Amino acid sequence: MLNIAITTGEPAGIGPDITVTALLRLLRQPAPRHADVRWHVIGDAALLQARADAIGLGDAWRDAAAALTVVARPLGAPVRTGVLDAANGRYVLDLLDAAIDGCLPDAAGMARYDAMVTAPVQKSTINDAGVPFTGHTEYLAERSRTPRVVMMLAGPQPAHGNAMLRVALATTHLPLREVPDAITPAVLDETLDIVQRDLRARFGMAAPRILVTGLNPHAGEAGHLGREEIEVIEPAVVRARARGIDARGPYPADTLFQPRLLADADCVLAMYHDQGLAPLKYGTFGHGVNITLGLPFVRTSVDHGTALDLAGTGRAEAGSLLEAIDTAVEMARHAAHS
């Protein structure tokens, strides 16, 4: 039996909506594909029921009570659907803390949860509550005392037969002007090691192939458009190959994301956020999964934000959360046998 924690995210947004929708969809299947999973929903119980009522799933949610566990956490203030309130900023972090604590081993070496899946949060609300917050990825790393983690997004490409595209990032939430200085030999070495290790241990890939982008247009054009490729990125690829990692590149980012090159790749390592995620989200938005590599536990999330205007309307799509749940279960199963 696997135990999967799901945090419901920003209470004024669609997190509660898509959590209810996704879990009911899974539980209603004639032959549930995750019959060996116990779901642990972390959030305010009354809010979840109220949101289920609002989107026409109230009775079904009540009936599902025996099939899942609601790990109740009280709101900081009453919620107005679609309206942010800094009084609930610490509530959102409380949900994350409960999931993190449950995923980390206790004194006996046992963890309550095998993986955590996170609904979207509103960074501004948390910061307005007086807590500096850059994003899930950085917060999870800090709370788990993990020195380096890697953000990777994955999703099926409908235009290419639903082939899976995975894109990891050497840097995450940085202003663009700071990216070149952040791409150091140590960062690239650590990132490639983490990507290789987790693709093997949590995705079951024996020898993952990683394609590495350049930083500059045309991968620097032999140094005429920047020297990061020559001085930092290509040497990192050479070192990775010497460590047994099947890394290749650097490739010009504007031509890398095409079927001919991606056909034999298990993952792309991009140098910065929009370089890697713009092409991925173009083909997968609404069905992509955000994965944090390098943590001592499995964590996945959605590829979208809180969509305040859709909260409580019944129009929020749960596709990305379902993909995140499926991915978390798959990763947890591989991790259990690695």
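Using N, Cα and C of the backbone, Cβ positions are placed for all residues, glycine too.
Residues or ranges marked as substrate binding site in Swiss-Prot: H136, T137, K281, N290, R299. Among the features that Swiss-Prot reports, divalent metal cation binding site is placed at H173, H218, H273.
The structure, with features from Swiss-Prot marked on it.
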residue: H136; record: substrate binding site; Cβ within 10 Å: 20
residue: T137; record: substrate binding site; Cβ within 10 Å: 23
residue: H173; record: divalent metal cation binding site; Cβ within 10 Å: 13
residue: H218; record: divalent metal cation binding site; Cβ within 10 Å: 15
residue: H273; record: divalent metal cation binding site; Cβ within 10 Å: 17
residue: K281; record: substrate binding site; Cβ within 10 Å: 18
residue: N290; record: substrate binding site; Cβ within 10 Å: 24
residue: R299; record: substrate binding site; Cβ within 10 Å: 27
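For the binding-site residues H136, T137, K281, N290, R299, a Cα-Cα cutoff of 10 angstroms around H273 (divalent metal cation binding site) retains nothing. On a Cα basis, H218 (divalent metal cation binding site) lies 22 Å away from K281 (substrate binding site). Largest Cα-Cα distance over the residues recorded as binding substrate, namely H136, T137, K281, N290, R299, equals 19 Å. Nearest to H218 (divalent metal cation binding site) in space, judged by Cα atoms and limited to the binding-site residues H136, T137, N290, R299, is N290.
Annotation note: H273 (divalent metal cation binding site) sits in a helical segment as assigned by DSSP.
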